[in-house]
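Q: As annotated by TrEMBL, domain '6-phosphogluconate dehydrogenase NADP-binding' applies to B:35-208. Here TrEMBL flags B:211-338 as domain '3-hydroxyisobutyrate dehydrogenase-like NAD-binding'. Sequence annotations record features per position, and here TrEMBL assigns active site to B:Lys217.
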Protein chains: 2
Amino acid sequence: MRSNVRITTPLVRSALQSIQRRSFSASVGRQAQWGFIGLGQMGYNMARNLQAKLPSSDTIRVFDINATSIQKFANETKALGSGAAVKIAASAREAAEDAETTITVLPQPSHVKNVFGQILKPPLSQEVVSNPDRLFIDCSTIDPSSSREVANAVHTTRQGRFVDAPMSGGIVGATAGTLTFMLGSSDSLISRVEPILMMMGKRVIHCGDQGAGLSGKLANNYLLAINNIATAEAMNLGIKWGLDPKVLASLINISTGKCWPSEINNPVKGVVEGSPASRDYSGGFGISLMKKDLGLAIQAASEAGARLELGDRAKQVYDAAEQQEDCKGRDFSVVYRYIGGAE
Amino acid sequence: MRSNVRITTPLVRSALQSIQRRSFSASVGRQAQWGFIGLGQMGYNMARNLQAKLPSSDTIRVFDINATSIQKFANETKALGSGAAVKIAASAREAAEDAETTITVLPQPSHVKNVFGQILKPPLSQEVVSNPDRLFIDCSTIDPSSSREVANAVHTTRQGRFVDAPMSGGIVGATAGTLTFMLGSSDSLISRVEPILMMMGKRVIHCGDQGAGLSGKLANNYLLAINNIATAEAMNLGIKWGLDPKVLASLINISTGKCWPSEINNPVKGVVEGSPASRDYSGGFGISLMKKDLGLAIQAASEAGARLELGDRAKQVYDAAEQQEDCKGRDFSVVYRYIGGAE
């Protein structure tokens, strides 16, 4: 296990990229083939950045169950007139079939399992070892167990290598190409994976072996989910007691209560300029996504026998807040509104 | 209400101090008299710093219900041979009787009410307005309502001015004179109060009118109480999932989970050098103090009609952890041990 976090900076990115691309070409004797499966809100923008940064000699095959998304992607990249050639795949399997690298960005564990069920050829056939160097980068946020299950299926049938690389940074980061990826991967694959992720983000954190990226993300987001509720409560408390919101936030942010929700994403309007709270909680990190990550963490905690004290109560808060009409679909800091905070 | 936090730095301290001391002497025609009530673990060390920094022409009268503490204080300051003259008061009232400034550092709301019941002369008597300029600085952490009640008693009987100035920084900060005070005071008193607090600390945050210091402290510590449990849970989760503790902490501390308990007071041994966790949770911020502050915040929330979602559950955790033999009396990050974290 690694003793410190390894982070790739943009400085080494282009060097690694060109080395990487050459090795593809050399090993397979042709220009690089890419697969991209899942053109949802995150995947679409990630694929846009990847496509734009690849050379025109490369080909990227895209697939999504939503045909409109694929067509839109094809049209937009065609209009751009640069970057890798885009081809529409008829299935997830077709997108990945000839690709050295396939990236998946899917919403739920079931989608990831289903897609890899299609991609992987039946085990033990003659074809099994036809392409053992295929790289699968799964950027979906799912539970580590499901991820390991899929990784095992890929590895035991020798149909490629599978790494998990969930991200943080939201749609804004996906669009701007400034995502942070939490990578779970064997050391030997890092130099191959990192330059690819750096075409869609600005930071790669190697958390450990396969599955560790998801574990890191879920542990972090578990903490975030609770800190966010606690911040909403603490701000509401102080304001109800008569404190000025900005004074209270300033006090907390130079004290032991300081955390990301108090400092960057303060849930009270006007405290942090440009925060979701200052625009009626629009944009930001949707409450349903926070609820999803919290649910995955609770599930994985249960599987690992890790005792949680606050998790279930926090989940109830997000469940109930999401049901409330004036909170639904908004940034997760809307919990402040849910508990009755003055606006 | 003030729109931003006002902080006094050491740079302005000595200037303010000398102005302050001169104004005392000028107004009362003699050297300054001080009262200090409450020589517990915090008060004792605060009084030591105050006494040492006052001129030898000043007198400080100390009182505590524990006679041993008073005697020890008298002996130690006598041995020092410098600073203000120390006199042992026979009662809280005697300590405050002739003092321009009296500082109280008491454990519970009942102690504060009781002490001020003794100090204040019966209202409406001839003597009532004999010393309307007396300053009372209460550094106790109590609920804002009790504090306002005492302040009202002082103000309506015109026997002085009362401000709340609870502190953070613990025994280490009290000993080193590096406390942070959260001040609840009318604007007109700030210039009188700040230089006094700066003799015992390094920072004064003016939070608003009387009571606001306590409100700020309790709101902050409510947030801290919950962030601490959530951090213990998140660290435990990641470690149970196979992550290296240092990698996990590094990941969290450059991500949205970052908070004081993850970064400064990480509950896992070896992650932060010199942390309580790295010395079997000794020292630091005692779990019983965290429990006390959380209880006060919950009580004050209830009085103000502020809805809490996680407070009661968090309180149960600290209550139960404090009952556990291997957690009792230790730093509040010992919650990690309480939930079964690997050590």
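Glycine too: its Cβ is placed from the backbone N, Cα and C atoms.
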Q: Sequence gap of 6 or more, C-beta under 8 Å: which same-chain residues meet both conditions with respect to the residue listed as 'active site'?
A: B:Thr141, B:Pro166, B:Ser168, B:Met182, B:Asp293
Q: By DSSP assignment, list the helix, strand and coil residue numbers for the domain '3-hydroxyisobutyrate dehydrogenase-like NAD-binding' (B:211-338), in that order.
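A: Output for the domain '3-hydroxyisobutyrate dehydrogenase-like NAD-binding' (B:211-338) reads 84 helix, 3 strand, 41 coil.
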Q: Please work out the mean pLDDT for the residues of the domain '6-phosphogluconate dehydrogenase NADP-binding' (B:35-208).
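A: Value for the domain '6-phosphogluconate dehydrogenase NADP-binding' (B:35-208), mean pLDDT as a whole number: 93.
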